[in-house]
Each structure stands twice: as C-alpha cells, then as structure tokens.
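Notes to accompany the following structure.
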Amino acid sequence: MAPFKKLKLLLWKNFVLKKRKTLVTVLETLMPVLFSAIVLYLRLNSMPRNKANTNYPAVDVSLLPVYFHNYPLKSKFQLVYIPSKSETLKAVTEVVEQTFAVDFEVLGFPSVSLFENYIIKDPKSFYVLVGIVFHHDFNSSNEPLPLVVKYDLRFSYVQRNSISPPRHLFFQEDIEGWCTAFLYPPNLSQAPREFSYADGGHPGYNKEGFLAIQHAVDKAIMLHHAPKAALDMFKNLQVSVQRFPSGSHIQDPFLVILQNEFPLLLMLSFICVELIITNSILLEKERKQKEYMYLMGLENWLHWVAWFITFFLSALVTVSGMTVLFCTKMNGVAVFRNSNTTLIFIFLMCFAIATIFFAFMMSTFFQRAHVGTVIGGIVFFFTYLPYMYITFSYHQRTYSQKILSCLFSNVAMAMGVRFISLFEAEGTGIQWRNMGSVWGDFSFTQVLVMLLLDSFLYCLVAFLVESLFPRKIGMPKSWYIFAKCPLWRKKSFPVIPPLLVIGDPEKTSKGDFLQDEPAGHINAIEIQHLYKVFYTGRSKCIAVKDLSMNLYKGQITVLLGHNGAGKTTVCSVLTGLIPPSKGHAYIHGCEISKDMVRIRKNVGWCPQHDILFDNFTVTDHLYFYGQLKGLSHQDCHEKIEEMLHTLGLEDKRNSRSKFLSGGIKRKLAIGIALIAGSKVLILDEPTSGMDSSSRRAIWDLLQQQKGDRTVLLTTHFMDEADLLGDRIAILAKGELQCCGTPSFLKQKYGAGYYMTIIKTPLCDTEKLAKVIYHHIPNAILESRIGEEMIFTLPKKAMPRFEALFADLEQRQTELGISTFGASVTTMEEVFIRVCKLADPSTNVLTEKRPSLRHLPRNHRVPVDRIKCLHSRIFSLSSDQPIRLNTGFSLLCQQFYAMLLKKVAFSRRNWMLVLSVQILLPLVIIMLSLSFFNFKLRKLDNVPLELTLQTYGQTIVPFFIAENSRLDPQLSDNFVKMLVAAGQVPLRIQGSVENFLLKKAKEAPEDFDKLYVVAASFEDVNDHTTVKALFNNQAYHSPSLALALVDNVLFKLLSGANASITTTNYPQPQTAMELSETILYQGPKGHYLVVNFLFGIAFLSSSFSILTVGEKSIKSKNLQFLSGVSMAAFWLSALLWDLISFLVPTLLLVLVFFWYKEEAFAHPQSIPAVVLIMMLYGWAIIPLVYTVSFSFKTPGSGCVKLVAMLTFLSISPVVLVTVTSEKDLGYTELSDTLDHIFLIFPGHCLGMAFSNLYYNFEIKKFCNAKNLSDIDCNDVLEGYVVQKNIYAWESLGIGKYLTALAILGPVYITLLFLTEANAFCALKARLSGFFCKQKLRMLLNVTGAEDEDVLEEAENIKYHLDTLIKKSPLVVKELSKVYKEKVPLLAVNKVSFVVKEKECFGLLGLNGAGKTSIFNMLTREQPITSGDAFVKGFNIRTDMAKVQQWIGYCPEFDALLNFMTGREMLVMHARIRGIPECHIKTCVDMILENLLMCVYADKLVKTYSDGNKRVLSTAIALLGEPTVILLDEPSTGMDPVARRLVWDAVGRVRESGKTIVITSHSMEECEALCTRLAIMVQGQFKCLGSPQHLKSRFGSGYSLQAKVRRKWQQQMLEEFKAFVDLTFPGSSLEDEHQSMVQYYLPGQNLSWAKVFGIMEQAKKDYVLEDYSISQLSLEDIFLSFTRPVPDTKENIQQGQAALDSSLSPSNSRPISSPPSSPPSSPPSSPPSRPPSRPSQPPSRPPSRHPSSPSQPPSRPPSRHPSSPSQPPSEPVLL
C-alpha cells in the first residue's frame, strides 16, 4: 500500500476517533479559546485613555528637597568623604555641607571597604545621607584636586523619600532601587513613565537629594579650582532640571497586563492541548494498539506524521479562533491593537506546532497513559519557569543565555509576547517591517526561528528515543551505528548467561513425549532455543525457557498450558510485541529480531486482550486493518461483507466496540486477524468469552481458512484443542513438556476409559459407588465436583463395561442418576496429567482435595475439609456459628478496612504519591523561589557612570542665546564637548520644549533612544537660567542632563581639559533595607501564587486516581455490594487524603523556612499557612471525589481534572488581581468577582496566600518607613493593612477561610447525593414522565412463553408473600429497558425463585440479558420495572439491608491491582463484619481450599486471568452470604483451577446457600446447577432442572467419533455409511474434518448396546477415539438459540431492529426468536429436541443439512466436567 494511502487511512482513523470523542475534542479546541476570552475580558475592562500635551515645571537643584527639612531624625545627617587623609576633600565636603540649610555632620573614612563595613554593620549608618568617594590617589593631605575629577555618589540602597504608593502590588512596573543595572525600564511603554511627576519620579534622583548633592559637589569642585570666577558666575546663575514635555498620547494600562499575564495565560491554555495529545498517543501505546498497527503493516514514521497532521489541523482551528479574538476590535479596542494579524497568527501557530512536538517527545518516555500525561504536563509547566528568570533581568542576560532559554518553547513564546507588547507600547505593534528589529540583542524574528528550532529538536528527541531505546512494548530498532558499541549490544540481551544454558539435561527425558516432525509439510515457523526473561527490580521471571518447535503450513498448532505457563509470551515474541531475551525464531525464513517489517506483512494476530478502538465500529475496524494490510478499496468492502457474514456480525456492523460484549469483541479480533489473507495466524485464546454457538462457528471458520495458512492457537478449551489441533504442544513453567498429534498425546498419557455420572439431588453416592465397584473392582473415583462424579475404568476391564452400563441404565432412577456417559482418554485428562508431571506440587495439593483424591475401598469421603465454605465456616471451635459485627462496630470495622485500602494504595504507588502529591508542588515553589532569589542577587545595584556615552550616540538639542553673558564662546565649547563625547549636538532657535514635542510626534519609535537630554541657556537681564532637560523614559537622564551643564560650566571656568565624571554607586544593602522591598516583592508574590496553584492542581487531581480506578473496574460497586457504608467508604478516603495533604503542607512550611520567605515562615504566619492548606484540602478533596463520577479512566480523569482545576484556580485569581489595580478603575468589579469566585476552593487558596503575602510585606514596608497605620493606609491608596490577618476586609484571609470551611460540608453533601444516585433518580423521574407510555408499550410486547416459565411466573404472582418468606431470592417480572434514542429491551418480565441449596443457572447467547439481570440484582443498573427480593427485602427500597446477604463475582474482575489476594480477602471480610479475631483463620482456610496460598501474598496485578477469577469467586463466597451471584466465574481458567472452583461452589450450595450462576459452559451448568433457564432476547424460553429439560426436549444418544487423520479420507465415508446402516434414523449433526457427531434415536436402543457396537467399530474403522452420551444440555441450548442481535453491547447504540417493537403495526414479538419452540408445548415430551430450520451461516457446506425431522445441530460433545474437553468426551447434563 502506498504511503500516501496509508497516511490518508490514518488521518481518517484519527479524525473519526476525535469526532466521536466529542468532549475531549471540544476541550482541546476550546480551552485555549477560553483563556483567550479571559485576556479579551481584561482588555475590554482596561480601556486606553487619551492624554494631551503636558509641559513640566523646572526643578531647582540648588537646594535639598523639602523632605530633608522635616525628616524625623534623632541625630544629624552625615556627609561622608573618602579618602579621609585628604584635607582637600574635607574642605570640598564642608563646602557642600554649607550649601544647604540642613545641619550635617561631616565624616571621613580612609577606604571604601571600611565605609561599606560601617554601612552594613553600624546602626548609625542610617544617618549617612551620601558617601562621596573620589577616584584619586592623594600623596599628601594638601594635594589639590586634578582638573579631571571622578567621584562616586553613594546613596542608600533603598530610597528614603521616594515613598511612592505601591500601586502595582502584583505587577512589576519599575525596578527596585536605583536601577543602575538598567538604562530603560524593562517594560518600556509608549506612555510617559511616571506621568504625574515633574521631577521624574522613580528612581528618585530629585527626591533623594541626588541632584542637589551632585550639583553641590560639582560647584564645590569649581570653587576649588577657580574660587573667584566661580563665585562671580554663580551669583547670577540659576541651574535647574526640567523634564521633557509629554506629547499627546494614549495611556493604556492593559499593556502591563499584556506583558505580565498574557504569557502565563497562553501557556496554561496550551497545557490542556499538550495533555490531550500526550494522553491520546500513550493510550494507543498502553493498549498495544500502536504496535498492533505496526504488526499489520504500518510504518512508524507514518504513525507520527498522521498524528502531527491531525493535531496541526486542530491547532489551526484553535489558533484561528484565538487570532480573531486577539485582533478583532470590540468597542474600538483589541488585545493587539496595532500588530499585524498575519504575524500574530504565525506566532501562535509556531507555538502550537512546538507544543505538539513537545507532547510527541514526552510520549516516547512513558508506557502508561496517566503517568506520562501527568509528568508531561508538569514538565511543560516547568519549561515556563526560566522565563521568570529572563524577564526581570532581561538586559542583564547575555545573548547566549536568551538563546539557550528559548530552547524551551514556553520561554520562546513568552519572549515573543514580550516583543509584541513592547511594540504595542510604542504604538506600532509588531509588523513585517519591524519584526527583525533588535531590542537589546534579540528580535521577534529570532523568536519565531527558535520556536521552529524547538519543534525540530523535540521531533529529533522523539525519533531517537522511539527508535533506539528498548521499550517494554515493541521491538527496539537496531541501528548499525549503535550496534558497534559493546555497551549497546550488552543492553540488547539483558539476560544472565547461566539462565540461558542450552541443552537442559531434563529435555532428554522429555524426548519420548515429542513426536517426530511430520514429513511432507512446509516448515513455516521455526523456533530455536527461545528464552524470555522478565525483570522486576532485582527479581527475575523466566517466562519461556529453551523453547524449540516447528509450525507447519496448512496445520493448526495448538499451544496449551496453565495460567502463566508462557503461551501469551510466545505469541508476543513471534508477533514482535516484545523482543526475545535469547534464541531465534524464523517466520517464512525471516528472523524476528531483524526482519520484523517483512514478517508483519504476512502475519495476522488475535491477541489475548482485545486491542480495539473504543469508538470504532465493527465495520470501521475491518475497513481500517484491511486497508492497512493492502486491500484495495473495492476489495476491502467485499471482504468486509464476507467477514461480517462469516462471523455473524451483520447486525453489529455499526456498533462501537466499547458497547460490544466480550464474545463479539473476540469475533471482531479474529476477523481483523483473518482479513487480507494473512499467511501466518497467531490466535491467543480467540474463543474466550464466546457462547457455544459462536465458538463452533469460529471452529468452522478456522478449519476452512487453514488451507494455505500457518496457524498458532492458544486456548483453555480442551475440546477446541482436540478438534482444531493438527499438533498440540503443552507448556508448563515456560518449558515445552510434550508436542504431537492429539492421538499421540492420548496414547502417551492415556489411563483407560472415563465414565462421567451426573447425579440428581436424591442420589445415594455410596450406593452408586458400590454398584460400580461390584462390576469393576479396580474402578477409581477420579473426581467428585458438585453433581458430577468421574470414574476411571481400566482398559483390561472392558469386557465388563457392557454389563455395568446395562445395570446403570436399568437402575438409573433408583440410583439417582441424571445422565451418564463414557469416553476414552480426553485432552483434558492429558493436560492435567502433564501439569502434574511438570509440577509435582500441583499433584500434592490436589491430593488434599477430597473430590480429586482416589476414593478408598470403603467409599468413605472425609468431611473435615469441607467446612470452610459452608455455614459453619466460622465455627472454629464449636458447631455454633459466630455472630457478625453490626451497628457501630461494623461501621468502625469497615472504616478501618477502607482506610487500610487507601494506605495500601499510597504505599504501593509511592512513586505517584511522592512525585505528584509531595514533590510536585514543593518543586514548583522551590524553583519559583530560586528564580526570584537568584534574580534578587543578580540585580544588586551596580556602579553606573553618568555620562552620555552610556546611552550610546544620541542627539543633544540645545539653545544658547547669541553672545551669552556667560561666555560668547559658550556654544562652541558646548559643541566641542559633545562631539568629543561621541554625541550629535543640535543647536536650535526658539523653545527647546516645542522642538522636542515636534520630534516626538514625527518619530515616536526612535525618539526615546535618540533624545535623552537637552540644554537651554537663557539670559534674562543680568541673570542666566540654565535648564538641564531630560527624557524621563531613561532612568538616569536627570543626572546626565545636570552633569552635562555642570561640565560645560566647569570648562568655562577651568579650560577645555577640565571635566567632572559622576558615578552613581549605591551603598550596600543594610538589614533594615532588606525589609523595604515591597515594590519589588509584590510581583514575586503574585507569580509565586500562580505557580503554586498549578502544582496544587496536580496534587488535587491525584486524589481522583483511586476513586476513578475503583469505579472503572467496578471494584467500588463490589465493595458497596459487600456491605460497606457510604460514610465508611468516603470519610475514610477523606481522612487519609487529608493526612496525605498534611505532609506537603508541613514540608511547604519547611521550604519557606529554607528560603527565608518571611511572609509565610514568620511565626505568626505559619498557623495561617497550615490552616489555609488544610481547609483547602477539606474543600477540594470532596469536590474531586464528586467530579470523579464523570470520568471513565484514571488517566483521562486526571487530565481533565488538571485542566479544570487549573482553569478554575488561576483564572479567577488573575481576574480579581488584575481588576483590583487602581489605575484600571474597576475595583468594584474586582470585589464582585471575588465574592462570586468564593465557590471555587482554588480561588480561595490563591487569594488567601496572596493577601497573607502582601499584608505581611506592606507591614514591613510601613514599619521600615516609620509610618503610622493611618499614614501607611494613605500611602497605599486603598489597601488597608490588617493587624489581624484573619480579618474579613481587604488583605485579610478571613472570608476565604470561612468559604473553604463551608465548602467542605457542601461538597461532601453533594458527594453523598451523587453516590446515592439522587440526581439520576430525579432525572429519571423527570424523563420518565415523558417516555413512560413508550416504555409501557415496549414492556407489553411479549412473545410466546413456555409452560414451565408461565407456571413459575403465575406461582410467584399468586404466592409472592409466602415465597418471599421461604425463599432467599425471588424475582418478579424483572425488566430492563435502556433508554437511548431507540429504547432497548434487554430483560423482559423475567420471574424465577431460587430456594436454599439451589444453584440456578442463567444460560444464553452473548447479550441475551444475563448480565443485565445481575446488574439489576446488584443495583449497578436501575430496575425499569418489576421487583426482586433477597431474604424478604426488596432491593429497590432496602438495598442497604440486602447487601449483607449477597456475594457477587462480576463478569469482569473487580480487583484492586495494588493489593495482594490476601489483603483483598481480609478487606472484604472486614466489610462483611467478620470479627477481627476470626478473619485470619477464615481467609487462610479459603486460600487453602482454593489452592491460592502460593500466590496469596503476591500483588493482584501479577495474577493471571484465571487466578483473578479464582480470587473473585473467593470474595463472593466470603462472609456467609445467603445469595451468591456468579457471573461466568470460570472464564479464562485452566482445567485444574476450574475444577477447584466448581468443587468449592458445589460444597457451598450443599451447605444451604442459594447460588445464581451464568456461564457459557454447558458442562459447568450440568455439574453445578439444580435448576436453570435458557434466555433468548431477554426472555426465558425454558426453565427447570437439567433432567426435566432433557426429558421434555430430547431423548436418545449423542455419538461422537474421530477418525485418525492418516486415514481420514479413506475411512470417514465408510464409517458414516456404517452408522447409517447400524442405527436407522440417525442423523449427522456436525462434521469437522475427521470428527463426526451423530444423533441416535433412543427407541429400542440401549446405551450398553451402543457401547458394544462402537468398541468393535473402533477397530474396524481406525477410530482415534469416540464418546457416547445421553442427549446433552448443550443440544437443548442450541435448539433454543441461534445467532441473534446482541442486546447488551448495543445499550448505547440502539438497534433499528427494536424500532418495530415500538410500532403498533408490528405484531412480531420482539423476544421471540425464529428458532424458538412452539408457544404451546406438546402434551408429551418429544422424542428428540426441536431442530432449527436452518444452520448458522458459519456451518461448512460439507455437512448434512438438517431437516425438520432431525435433531438440532450439536457441537462435538465434551467432558462434562469442563468446557475444555475433547470431542470424544460425552456432554452430560
């Protein structure tokens, strides 16, 4: 198939699945749009404002600001000069001191280090106003200053007088301190900086006295060099600074939000996309669907390309919507008002592509969906954190640091948003013409390139990890480059050599059991010394050991073995699912480790567990895999129709696989394996879970298809193996025990003949045994299970067989025999003997079982070992049963059991608990604090030389009057000075302010960079005014402008060589000043809280993993059915989760201590932090429990919860925080939103932490400034500092704590109502009002009923009260309708009674309604109509009382994988109320009786399917339940385990219990059931004991014979002719190659006579084996059933066929099958069962057609003790 066609097919698959997963698709598309809507909302609530031209007044610098005159000091300000050895400097400093009216103390320090030490350590350093440090080495104390003077002004680290209100508590608008590390603000805006401050505002050059001191020092220097001239100059000279005028502009407060919040919101919006992508890819990997597609011919690169195109197109839609929201103007504004729409789209699309590839990369590191999804989301968030390090120190970061940071796509995205916001602030927006403009050393173009580079790198990592590293699933790729590396080769074979020694000495002893290879057959599969070893930590498990065997074309090779023998491992190795540890396997000459791509083109695989897409229909699956295997479009449709017909799935063609029953899924899996003509078929238990009719259809299909194929089949059905297997191989503990044809194995392991007897309840076992031993003394009782007894009859006693059979037939009623039959050695017996020989411990264990031991000669059966499962199971020291706990004692015991379950989950999933619940929130906080603290250290104020060269080349406009009174050459000197400094002087005429306004309007983009300072020298009469004009957009322009005019004045006085260079070098930070960082710490608190909320979202969602997991596997339902109370179940979970929540809470406090985060680590704050966290846990955990009801799998639930909690936590906090900004003017809206969002625990948590942080920091700020409470609140402009942090008002946390405390009980109540189905019941009442009439019509449609069924219903109807009192279980007219678009009738007025010591069997095809009955009896599904009573209690109204009387084994194991088998039993024992002192004994006895002791203490996840079924059955039998419901209890068990379970169930029934069982095994029902009913389309078609049904519907015998295949063609026809001649009236019922099945009429024909005839025929016609039995229950079952529409799996789909049941015009009864018996049964039992008018479509054409006079078509009969018996075995019922 061409790659393009495969790609098209994969895209079709992906989009069909996305279309049918509506919620996930909507979430993926809308989550980014929702976050975009938040940004749009903020935009619409922060409208831009127009500002007119503004001129600012000049500021006199000759005097200190007024603040210093009123500053509250206990001592004088200090002026410090350095070095102190110079008297010259002291004189200069004293001149400075005399300049001002403030009283100063002049101090000198010898060195800078001593000065800094004084500042840091001495409390008196607070009074140091400034330190003046001259850069000159004075050789003597009187040495004068040089003409070139350089000095530092060292003001305090934190400004003293710039107490500007912390207007932006949550966003950083300006850098803290003197900002000497920056020339411009990091977030430079088009709007004027500090618009309302004439002196420029922050960093406070005027208010701090810097300009006054600078000018005073400059003036003192001038006086030092030219005392007289300087005095004369300054007499008529006034120097001032003046801010550049502001032109008309738009003041847009949203730009602050855009730059600070938009990157975070954009990242959070795409994190949901990343989670969904990762989860989608990993689900395919976890379910092995990905490897299955590879096996069917898919190339790896196509898989990734298809996924990329799928998510790319989804992202295209999402990004288009986001672009529209961002760029479309609403109310005259848009999020990006000025930017190019195309560029915004390209930018977002590049980020979306990078996110897709990031998800691809993360998916390659994991095998489990929910683990990979959670960790992928965490890592995605972590990659955003470096941006916080970059953004606040952008100008300090090197180009390499920025490039490396942009290797994280989230950082690159945030950098891109930064550029967009900067260009938006300039008023131009990002455009094609300016996208390459370098801002600092980076540009928007580089951001786009880095996003594309990130995508490539992520893709490369994904490719390398996918290709080169070994995985648990799939073959690791071998690249020759890495193959040269010895280390790589070593890793390829991680098996210890001693384990792989070839040539096991024991294999020589097994050679007798390995048949010679057949001659003349093509060897298609060759396995040579194959090993597979699995490692779990330090332990290892050899799954396959030295396996060598061949498989041949045209043959079916059957692989048998006990659960865990290694069958599935062999299949997985051959299909390439897992690599072999050592050895080789060749398929059609290709080695599996090297040529898997070629092999897969010819292999069809049906895995043990269905690998189906939940939302694909049957037709979709066949079409997809057919096309993938290379079928053309036309051929594919033809093959699909053919396959649907062959498999009997026509009516299921449009049903989604998730709604199909297990049997139908197995059919579909077989169809997928067969489609497109695969030459090699590997079928792993293909018929598991199928009903008898379906299984026979598959047998026919496989025999038809095997001609040119090689088939490897595994199974637990021995009859299937005997019938289909050309060769049979048996594995035990991974080793091959025997291999050969069925006849070869029977010959090697045979022990004679087997007689199977099915007893009636009145049978006298000892009397019956005496009769048998009388005829054959050497007979051995092989097993006794329930109603079944199996005797081994030695071959040498064969002459006595006829007399024995005649005697039993004549005395059948007297001896209490229901049916009996005999056969030669069966495959089941072969299997059991092989297992015993391979594992002697099995033999020892089974010898302990009374039903499996040889009966002693006196026929006495010991009874001391059969007490543990009946009513005296708890009577450990006496015959009196103990009392179960009740009331409060039971509640406490259940609470304890549920608490231990939670503890076990945490202990066994410690990695999950440690990573998600503990480390994740702590690591996020630690990383955030590390970034902020690192930033604080790196942003310490550094020395900055205040010269124009610092800002590069600028234009300096100046105005100097002609013939200035200062100096006629002033203009020339000024120009020369600027040129020498590398600047561009520009002399203008007229007003400098007007010139600047004009230039700012002409070129707004370049103005702030080109025009930093200006000067004006004006003469007014005899007075000169010098104005130093500065551009306030530059932090240090005021001092630069002053230095410029001071320097030109100095040059006028002292010559052209004179110059003064001033450096701003802040003092080191004192301990006191550390507390004055609120302006800087505010943004830190905001981002800290946002990051923390994200981590808490993951922590909170993790509490859903167990609850969703229990719900998905129905373990929770089983626990409730066992009797656990709602309070015990949920409150125990809440308690443990709160304890778990306390651990990260306390560790969080330690983290705050470690990082010295006083706001949270202060002694007064610690109780508040703990209280906030615990109340949040109290509220959020019940909410998570409640929401978890909506999820089906833990992985998807965790993903959706993270998305939901992130959105509902961060979005409200951001909205309330942003709208609370004073500049926006929406404080009332903020308060309203704050109160609305109190219903969300995440919002309460975030706001409580925010207020706790800001309140503490503001209090520190005000205390440092010595401000009173009133003054502090005035400065804060509306923020009220709370002395009591628990206050309700602004910056208090009281209302949030109160809300959290109230939300806890509210959500708990909501949880209990949800658990009690209160909302479902309400919905049902409301919807039932409208559809009641339709349902009544549907339920009134009934088919013809059998007389026994009618009699049972009438008896219940008229004697209901009596039956309720006497019978443990009474079901009256129980009905179930699934209310879909087309109402589906699953159960139609079923009535039956089950008495004590009865085992009632429900038989029927897949979907007949059996499980629906169980679901109603256990209240897993609501009852549509009817009633059911258990011990007199109605399950509709008294379910809480009913629970204590019911034991339940569900169809699919509801076991908790993280617990051991023993722990599961102990937990359910506590739930049942067994006293603690008896639990251990009780559990030990059950484990011993079911042979579970070996693996009782192993985790359930290590159990095989069969062992899980044993454990599920044990749970159902535990605790003395009166009514036990077993839904297919023995499915998937090997024969040994199956017999043990039958034995246990039989003895439980004998003890007086009531059992209801469903099964697809007729032998199981024959062995266990005292009464049974056959269901067809929701109705009972017959009801009664097995013997009663056989008496009514059939008589005669069933003959099965198998001709040796060597003489198959020659002798088969002769034998058929012999039967027709010898038994007149016989009919051929079934034929499968060498096996035939006949119906023999019972008139004048004795069983013993038939046996005698067949013994002779065995010799004459070379029969391999044969069996004779009375007519079986399976014959009757098949007569009532045929392939019919499956009701159960179409619950969600609704079948059109049922439409007719709603139509009054349609008179055909919905539940009456075409093959149902007549509505009026005959007055006397018919001589034979009713036949079907036609055979199933899967029957081979070679079979004789059935005629109306013939008996029903019957399958090969089997050993009655097991559904896995060979065809030679009688089926006795």
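The backbone N, Cα and C atoms fix where each Cβ goes, glycine too.
What Swiss-Prot annotates here:
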- 1711-1740: compositional bias 'Pro residues' (COMPBIAS)
- 1763-1773: compositional bias 'Pro residues' (COMPBIAS)
- 1369-1602: domain 'ABC transporter 2' (DOMAIN)
- 1690-1773: region 'Disordered' (REGION)
- 22-42: transmembrane segment (TRANSMEM)
- 342-362: transmembrane segment (TRANSMEM)
- 372-392: transmembrane segment (TRANSMEM)
- 403-423: transmembrane segment (TRANSMEM)
- 444-464: transmembrane segment (TRANSMEM)
- 912-932: transmembrane segment (TRANSMEM)
- 1088-1108: transmembrane segment (TRANSMEM)
- 1134-1154: transmembrane segment (TRANSMEM)
- 1166-1186: transmembrane segment (TRANSMEM)
- 1198-1218: transmembrane segment (TRANSMEM)
- 1236-1256: transmembrane segment (TRANSMEM)
- 1293-1313: transmembrane segment (TRANSMEM)
Checklist entry - Restricting to the same chain and to residues at least six past its boundaries, which positions have a Cβ under 8 Å from a Cβ of the transmembrane segment (912-932)? => result 371, 374-375, 378, 381-382, 385-386, 388-389, 906, 1084, 1087-1088, 1091-1092, 1094-1096, 1098-1099, 1102, 1105, 1140-1141, 1143-1144, 1147-1148, 1151, 1155, 1157
Next on the checklist: Using Cβ distances below 8 Å and needing 3 or more such pairs, separated by at least 6 in sequence, tell me whether the transmembrane segment (1088-1108) contacts the transmembrane segment (22-42).
Outcome noted: no
Next on the checklist: Using Cβ distances below 8 Å and needing 3 or more such pairs, separated by at least 6 in sequence, tell me whether the transmembrane segment (403-423) contacts the transmembrane segment (1134-1154).
Outcome noted: no
Item to check | Proximity of the transmembrane segment (1198-1218) to the transmembrane segment (1293-1313), 3+ C-beta pairs under 8 angstroms | outcome: no
Checklist outcome for this item: The predicted model's mean pLDDT over the domain 'ABC transporter 2' (1369-1602) is 86
Checklist entry - Going along the chain, which residues at least six beyond the ends of the transmembrane segment (444-464) come within the CB cut-off of under 8 Å? => result 304, 346-347, 350-351, 353-354, 356-358, 360-361, 363-364, 403, 406-409, 412-413, 415-416, 419-420, 423, 430, 434-437
Checklist outcome for this item: Within the same chain, the residues 6 or more beyond the ends of the transmembrane segment (1236-1256) and with Cβ under 8 Å of it are 169-170, 1082, 1085-1086, 1088-1090, 1092-1093, 1096-1097, 1158-1160, 1162, 1165, 1168-1169, 1172-1173, 1176, 1179-1180, 1183, 1205, 1208-1210, 1212-1213, 1215-1217, 1279, 1281-1282, 1285, 1291-1293, 1295-1297, 1299-1300, 1303
Checklist entry - Taking the transmembrane segment (1166-1186) as reference, which of 342-362, 372-392, 1134-1154, 1293-1313 has the most Cβ pairs under 8 angstroms? => result 1293-1313
